[in-house]
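Colleague: Dropping a structure here in structure tokens format, bear with me for questions.
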Amino acid sequence: MLFRYLFAAALATPLISACSGPVEDTLPGQPIKHRQEAFKEILRSFEPMGTMLRTNRYEAEPFIEMTTRFMSRRDGPWDHFIDGSFQPPTRAREAVWSQADDFEQARIAFMAASEALYQAAHTQALPDVRNAYADVESTCRSCHEVFRN
Ligand code: HEC
């Protein structure tokens, strides 16, 4: 009997792993899914600016349009970090909730840096634009270092 059970279990295991796709957000309202999608939107609006700067194709007017789009995305994730949403499939660390004040400071730093990028875009001075873009990037990175896996 035990033998048969083990055989069945061995057969079942690959079936289970073949069926398990990405982990779903099972919470009501799917806050984890919403904040992850909002971050992807931020990334999609942020990357084209970096590409334009890296490839030395800076054009002031299109860049301003890109910053406008980016500014309209930057508020997306934050309201979805609700209590009780530290569970799979989140990549957030527990520190988001246990060090909430530090997380808020990191969010405020990101808000300030993105506002500065928007302002710099309107000056149309490329060195300032470059610095301001790098500053936003470092606020993404420093938050991820502490608060994201
Ligand atoms: C104040 C902290 C903070 C800032 C600032 C921040 N992020 Fe994040 N980011 C997070 C956390 C926390 C997660 C994990 C969310 C989750 O999985 O629940 C995340 C997730 C992501 C993801 C992954 C989404 C997914 O599908 O798993 C991307 C992409 C991302 N951030 C891009 C950015 C970019 C680009 C910036 C800056 C322009 C930025 N983030 C700024 C905290 C931050």
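Each Cβ is built from the backbone N, Cα and C atoms, and glycine gets one as well.
So TrEMBL lists the following for this protein:
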SIGNAL    1-20  signal peptide
BINDING   Cys140, Cys143, His144  heme c binding site
Colleague: Which residues does Cys143 (heme c binding site) neighbour through Cβ under 8 Å, counting only same-chain ones at least six apart?
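Modeller: Once residues fewer than 6 apart are set aside, Cys143 (heme c binding site) is near Phe103, Ala106, Arg107, Ala109, Phe110.
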Colleague: Can you give me the residues near the recorded heme c site, meaning same chain, not Cys140, Cys143, His144 themselves, Cβ no more than 8 Å from the center of the site's Cβ atoms?
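Modeller: Other same-chain residues near the heme c site: Ala106, Phe110, Thr139, Arg141, Ser142, Glu145, Phe147, Arg148.
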Colleague: Which residues does Cys140 (heme c binding site) neighbour through Cβ under 8 Å, counting only same-chain ones at least six apart?
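Modeller: Cys140 (heme c binding site) has long-range Cβ partners Phe46, Phe110.
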Colleague: Which residues of the same chain, at least 6 positions away in sequence, have a Cβ lying under 8 Å from the Cβ of His144 (heme c binding site)?
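Modeller: The list for His144 (heme c binding site) is empty, so the answer is none.
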